[in-house]
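**Student:** Before I ask anything, here is the structure I am working with.
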Amino acid sequence: MAAFHCAKSLTNFMILSLSITIACFTTPSAANFYRDVEVNWGDGRGKIVEGGRGLTLSLDQYSGSGLQSKNEYLYGRFDVQLKLIPGNSAGTVTTFFLASQGSAHDEINFEFLGNSSGEPYTVHTNVYAQGKGKREQQFRLWFDPTIAFHTYSIVWNPQRIIFLVDDIPIGVFNNHQAFGVQFPTSQPMRVFCSLWNADDWATQGGRVKTDWTKAPFVAYYRNFKIDACVSWSSGSSCGTKSGDTFSNQAWQTHGPDANGRNRLRWVQQKYMIYNYCTDKPRFPQGIPSECKRSRF
């Protein structure tokens, strides 16, 4: 993950009932996996390469692999370049996500569901707040994500969460706490990446299983960039107070402009294959209340 330096002194404030010490950082340095992440499972299947600039995760019939950031964050922008498993990747799941700990955890996730040779990947997004998710959206991509690196981004600020692919918004989840909708606001989250086997559900609902003769499966990550507030310990936190802002960074109030809204409509009209907001059989008591409000 990227390292940062403080650009100004911290502003202290309380977030709900949780107090956290946050360092607001504004200038990212070059990403370095050696410095900024821990390969925390996989027994050597996760490897840092290119002098710390890149990382590979692999999966075989015995284990997958994964990493987590050394720091926790409360709001920010998180980018990674990713090249997915080529060929027959059925049953595999490659991830990039933020998550807190515990049963009442918050989570913001990208999951890339593999498929049979020649079939497209499915990009799966979800948002959890206080342990509750069920906000899935799924997309195809307008390019082959196995040929070259593409950038996948999460913007998380007090107003909204935005999922972006090559800086094109594909999904927006707004903060509607005022209307009783849970939203991640108080739990700091680490960044995680992983590659694992999920052939019980990942490809065509589990009908297509992982072909272990193709193992090991390898996903390539590089150029993590994080512009965020870093949580250090219990106490106060950086943020807003009497109109003050988190920092001078664009992520704090970022939302789709007119061009971004047009791109979002384009993606959702042409490439969205599942949207929880339109899955009426799943919600017999009525679709979630946020689905009745503007995406923008």
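Cβ atoms here come from the backbone N, Cα and C positions, even for glycine.
So TrEMBL has the following annotated:
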SIGNAL    1-31  signal peptide
DOMAIN    20-221  domain 'GH16'
ACT_SITE  E107  active site, nucleophile
ACT_SITE  E111  active site, proton donor
CARBOHYD  N115  N-linked glycosylation site
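Could you place these features in context, so I can see how deep they sit and what lies close by?
**Tutor:** Counting only same-chain residues at least 6 apart in sequence, those with a Cβ under 8 Å from the Cβ of E107 (active site, nucleophile) are F97, L98, A99, S100, N126, V127, Y128, G133, P184, M189.
Listed in sequence order, the residues of the same chain lying 6 or more apart from E111 (active site, proton donor) and placing their CB within less than 8 Å of its CB are V93, T94, T95, F97, V123, H124, T125, N126.
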**Student:** Tell me which residues of the chain lie with their Cβ under 8 angstroms from that of N115 (N-linked glycosylation site), as long as they are six or more apart in sequence?
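**Tutor:** Set apart from N115 (N-linked glycosylation site) by at least 6 residues yet with Cβ under 8 Å, we have S89, A90, Y121, T122, T203, Q204, V208.
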